[in-house]
Amino acid sequence: MIENQVPFYLLIFLVGIGLGVLTFWAYHRFALGGFKRISKDIISRAEQETSELRKTNELSLKQKQVEYQRELEQMWQQERKKLQQEEERLKQREDKLESRMNLVEKKLSDTEKREAILIGRKAQLDEEKKQTIESHSKLLSILEKASGLTSSEAKEILLSRLSNEVKTESANLIRRIRKEAEEEAEKIASTIIATSINRLAVSCASESTVCTVTIPNEDMKGRIIGREGRNIRALERETGVNFIIDDTPGAVVLSGFDPVRKHIAKMALTELVQDGRIHPTRIEEVVEKATINVHKQIKQYGEDAALRAGAMNLHPDLINLLGKLKFRFSYGQNVLDHSLEVSHLMGLMAAELGLDIRLAKRIGLLHDLGKAVTHEIEGSHAIIGHDLALKLGENKEVANGIGCHHHEMAPLTIEADLCSAADAISASREGARIEAVEEYIKRLRKLEEIALEFAGVDKAYAMQAGREIRIVVLPDQVDDAGVVNLARDLTKRIEQELSYPGKIKVTVIREKRVVEYAV
């Protein structure tokens, strides 16, 4: 049975092989033909797109070429326009140069003509000069024969007369110019000073080397003295002030030349009297406490003064020195009040003159700084103040204003000059200062002595409490021109040798009297 089925399976196998070969042939034929068609379609579309892209690029290139040609045309037109403008400008310059050349040639021609005329005139003048010299020689010879004098002798006589006339005229001219300048300066200065003083209001204070402390009863005097005087000795030792206990009812007198110590002593004694406990140990405690309080007051006085004057960023030591000025007096005038007054005056005058107001007020506030330490450092208070200001951080302008306010150094700024004026105004105003009688008499005598030292001075009188000096000269020794010179020289001597508030008027009198007797 199996043998009968083998041919059948073989037949089926052969049929399968045949169908497979037929299928492969059919697939290969139809599939290969489809792929070729697809590839042809792709190639065709690619060629079409390439053609369209080439046409588009050619069109874009033509458009860009047209635009570029248009831009080149515009640039060429612009360059051509610029060249035309430059050509026009050069042509105008050539025309101007040509006109200038013509003008120069014309001027040159005129100059040559003038030069020729001048040469002719020079020759003519030389001839006239020669004739004039000859005529002068002849006239001089005739004059010498007629006068009996040589030309040199005549010149000496003429020069002598002219010299005297010139001296007289120059003295008169100097007197007139100086008078006019003084009047004008007086007007301007009076206006500025009057404006400043009218805007200034200050209080007056007087110096005193003694002060009193009120006590409740006479028994307190004994307690202050203490057993065998130990309490009063402790007070004087701790404070450095003399305690005067006499018959003055209800008061103890404190005497001392250091105002700070005197103030400390007054505060300490006042507290001791109020407390009632008075013995050496308690005295030491109270004096130490009073010293601390006074130093706090000094600092407060300095800060208040700086604030009132608008002086910012002062060194702490400068503030303490300013505070000490509250306890110092000059001719009865409180130095700190005087410094504030000078600062205010300088600020007002600086405003009138258009100067630096802050600098002026700062100089005015610090100008008497040296008076706070004059008992500790040798030298004038102006120079001491100058050195202290530089040492404590002030600039050269401020230090110079301090140092030159008594003319001990040259001023560097106008504000420094203002300090001298404001200081004199503050010192010389009514009631500002009180001068001791001995100093007053000494100053008057010195004023008259200086005047009598000049040659030709007959008499000298100090008038108006030393505000004026009147001088009578000998008319035979001093002429009118010499009167002016004498007044000027005497003024300089007074400024150099005397110290005085305000100003001194110098009046020179020359009077010639001729007396004859009829017999």
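These residue numbers are counts, starting from 1, taken along the chain as shown.
Positions of Cβ are set from backbone N, Cα and C atoms, glycine also.
Record features, source Swiss-Prot:
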{"type": "TRANSMEM", "residues": "6-26", "note": "transmembrane segment"}
{"type": "DOMAIN", "residues": "209-272", "note": "domain 'KH'"}
{"type": "DOMAIN", "residues": "335-428", "note": "domain 'HD'"}
Model confidence over the domain 'HD' (335-428), averaged pLDDT: 86
Summary of DSSP states over the domain 'KH' (209-272), given as helix, strand and coil counts: 34 helix, 13 strand, 17 coil
For the domain 'HD' (335-428), residues assigned helix / strand / coil by DSSP: 67 helix, 0 strand, 27 coil
